[in-house]
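Trainee: The structure that follows is given in the form of C-alpha cells.
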C-alpha cells in the first residue's frame, strides 16, 4: 500500500538501493579484516639475537601489531618466533604487509615460505675407515652429538640401540618430545618434530618417529652402531656402521609427506644449535637463492658462529651445470660418488645367453624359465592402445590376457607399473641410460643397456617359444670406482661463482643403512616388504663422508669441550 501524498518507488530504484547497501556493508567487512586466504606465510630474518633473548617473542608480536594494526590478527598471524640461535619470525601476511615489513629498520630480509625436498655397510670400508676403534676413541665419540634434520628416526633399529652407553653429555640441553609411540635413550639423546601447518599426509606420524625411512637411513649412516649381519634380503650382506658409530644423535623431524617447510626448517635450526649439538646434518634443499633468503643458509650461518658445522647434500638435479643447491660458503656441500660395490641383476635367455642388468631385485624366481613377450606385441586394444605405445609398457597399455605370467620386454626403463598391472612375471627393460644406480620394483625387473636389450628383442623374434629368467640381485667388487654419478648436482655455484661448490664428494650410491618399519621397502601402494635395512642412492647418502671430514677434527673438538 502506498503512502498518501508520495509516489511508490520503482523496482529499479529499490534494486539500486539494495546494491548500494550491500556494497557498503561489504566494504566495512573488508576494512575490518583481511580474509585468511589473502595471507601467505613469510619468514622475517633479523640477524643476531640481542642480549635480552627472553623479550624477542614479545618484540616480534609488537612489530607484527604495528605492521597489521590489529592485535588479534597479529597474534593469529604469528607462526614461529626464532629467538634461541638467531632473530626472526614466521607469520601470515598480505602482500602489502610483506612490503611494509621488508622496509622496517633491523629487518634483513623477508621471503615467502616454500617447501624443500629431500635430496650407507660397504661405504666406510671403501673409504678406508678402520672397523676396530680403541676404548678411548669410542669414549671420545660418545661425547659427539650429531643433530639430524630429516624425516625422524626409527628408535627400535639395532643401529640406535643404547647398550653400553652412559648418560648423555651434560652439554646437551635439548629435549625429547616423547609420546605413546616414541621415546629417547642414551643413543638418541633428543628428538623434536616440527609441522606448524598441521599438514599430515597418509602414513605421517605426528611424533619424531620416522614413517618414511630417509631419516633413519641418514642417521645410521652418520652414527649407527655396528650391526652384523645387515642386508636387504641377503643383498649387500655385511656389517652396517656409521662414520662415528659411538656418537649420539639428536633428531629434528622437519620433513613430511608434502616435503620440508622453510618455516619448520628454521625453527629446527633455532633449537638445534642452542641445544648443545656438535654438528648438523641436513639432506634437503630447494632452488638456489640469495644466502639471507635461504633458511638453510641462515641456520647454518648462525650455527657456524657457535662453532657448529652444517653438512648439506648437493642435490640430485645433475648432470646440469649450476644445479647444485646449498651453496653458502659456511656450510659443507657434498656430491655423490660410487663405491666399489656394484649391484647386478642378471638375465638368462633360453638360448643360454646371460646379460648383466641393473636393478634391486629381492624376488627369487620359482621357475627356471618363463615365456617372453614383447610389449609391442601385447597392446591393450580394448583401451585404445596400439603396439607403438605398448612397446614402452606404460600403465594400462598392455593386454592382461597376453601378458599374465610372462616376462615382458619393454623398450623403456620405466617404473614397471604396466607389466605389474597386467600380471606379468617380470620385466626386462632396454635402453637403460645409466647402469650404476639400482632401483627397487614391485616385480622382478632387470634394466639392460640398449645393445643388450636389442639382443634380447632379436632373440625373442627369432623363435616361437622364447624364454628367460630374471635372477635375484647380487653384488660384486667394481674396480672402476669412485666416480661421480649422473644424478649428483653440479657446479658452478649459481649464487657466488668464485666459491667452488660442491666442496667434496662421498659415497652415495647403493648404500645399505637402517630403515623405518613404519613403511615398506619402496613406500609404494601394493608393496608389502617391511625391512630393517634398505638400499637407496642420492646425495643424502653421501653425507656419511661429510661426517668423516668432520671426524678428522673430532679429537680436538672433544678435547676443547672437556676443558670448558
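Sequential numbering from 1, following the chain as shown.
Positions of Cβ are set from backbone N, Cα and C atoms, glycine also.
As annotated by TrEMBL, signal peptide applies to 1-33. Annotation source TrEMBL lists domain 'Inhibitor I9' at 41-119. According to TrEMBL, the feature domain 'Peptidase S8/S53' maps to 142-542. Per TrEMBL, active site, charge relay system is recorded for 150, 214, 540. According to TrEMBL, the feature domain 'PA' maps to 393-454.
Show me how these features fit into the shown structure, please.
Mentor: In sequence order, 118, 210, 214, 215, 218, 219, 251, 252, 253, 254, 255, 281, 282, 283, 284 make up the list of same-chain residues 6 or more apart from residue 150 (active site, charge relay system) whose Cβ falls under 8 Å from its Cβ.
Across the range of the domain 'PA' (393-454), the DSSP-based residue counts are 14 helix, 13 strand, 35 coil.
Long-range neighbours of residue 540 (active site, charge relay system) (same chain, six or more residues apart, CB within less than 8 Å of its CB): 118, 119, 214, 217, 218, 283, 284, 313, 508.
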Trainee: In the predicted model, what is the mean pLDDT computed over the domain 'Peptidase S8/S53' (142-542)?
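Mentor: Here the mean pLDDT over the domain 'Peptidase S8/S53' (142-542) amounts to 93.
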